[in-house]
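*Asks:* Sharing a structure here in structure tokens format.
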Amino acid sequence: MERIEAEDSMEDYSDQKDTTKLTSGPKGGLLTMPFIIANEAFEKVASYGLLPNMIFYLAEGYRMSLADGTSVLHLWSAMTNFTPLLGAFLSDSYFGRFQVIVMGSISSLLGVILLWLTAMIPAAKPPRGESPDSGQLGLLFGAFALISLGAGGIRPCSIAFGADQLTSNKNNPKNERILHSYFNFYYATIGLSSVTALTVIVYIQDHFGWRLGFGIPAILMVLSVLTFILGYPLYIKAKADKSLFTGLAQVIVVTFKNRSLAYPVDGKYHTSKDSKFVAPSKHMRYNACLFLFSVVLN
């Protein structure tokens, strides 16, 4: 009887925890999808459209050799691929998805504008035949860093933020079908954005120059920020919760602290006959890490 009451109380607590994550009121739903998908679609066109011709911009504008320019672009790509881990951690543990997307969108906007200014301002690039100074390189690398940080805020949170809007009513039997349609439309839009970036933006840079070629991505990032913020009254904004990375770090730390503890004797564990539960033992090396984490010190 006590066990049943305990389980009921745990279910009530779980339900209460889920409801406290979401803001009250008739929010969310399909009406929010254009704002969320447009935000990442514009960001994809802007950022993906910069990369293909960037090696030529570095060679022409900054007198970089092929090897140096390639190294810079590889580091930029590596940073862009790493920052989503940071964005996911911050959204799960501290700020929530909405705030991280806003911060990422603004960071990308500032980065693209800064890159556009390097093409607009003659003093931002070295004179012909000279190498760039530290200030000119700092302006360029600062633009790259802001764009990477922006991608780290938008890309890991956007699709999950959209799913939050469609699954606020957990008892809706149509949730699975709605999510399936949402993911299909989301990835189709992102794919179209990538194709647009690699064709239209690259064509503009080749035929109309860097000023217009970087100016259009800047305009797209302005649209990305504005469209996402316009949907603010409609969004369900889940609060930050404990991150998976935080829990993993705790397991590793506690396991390291308990590494010298001895395994209890098998007689301390009781399992009924034919039970599916297996008592931990020194022969089960594959679960030694979890065992050390679960040790309770007297």
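Each Cβ is built from the backbone N, Cα and C atoms, and glycine gets one as well.
Not measured: the values here are computed from a predicted model.
Feature table excerpt (TrEMBL):
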- 1-25: region 'Disordered' (REGION)
- 98-119: transmembrane segment (TRANSMEM)
- 139-163: transmembrane segment (TRANSMEM)
- 184-204: transmembrane segment (TRANSMEM)
- 210-235: transmembrane segment (TRANSMEM)
*Asks:* Count, for each of 98-119, 139-163, 210-235, the Cβ pairs lying under 8 Å from the transmembrane segment (184-204), and report the range with the highest count.
*Replies:* 210-235
*Asks:* For the transmembrane segment (98-119), what are the same-chain contacts with Cβ under 8 Å, counting residues 6+ beyond its ends?
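*Replies:* Contacts of the transmembrane segment (98-119) (Cβ under 8 Å, skipping residues fewer than 6 from its ends): 39, 43, 46-47, 50, 57, 61, 87, 90-91, 125, 136, 139-140, 142-154, 157-158, 161, 209-211, 213-215, 217-218, 221-222, 224-225, 228-229, 235, 237.
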*Asks:* Taking residues 6+ outside the transmembrane segment (210-235), which of them lie with a CB under 8 Å of any CB in it?
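*Replies:* Here the qualifying positions are 27-29, 31-32, 34-36, 38-43, 45-47, 49-50, 53, 57, 61, 98, 101-102, 105-106, 108-109, 112-113, 115-116, 118-120, 161, 165, 201, 204.
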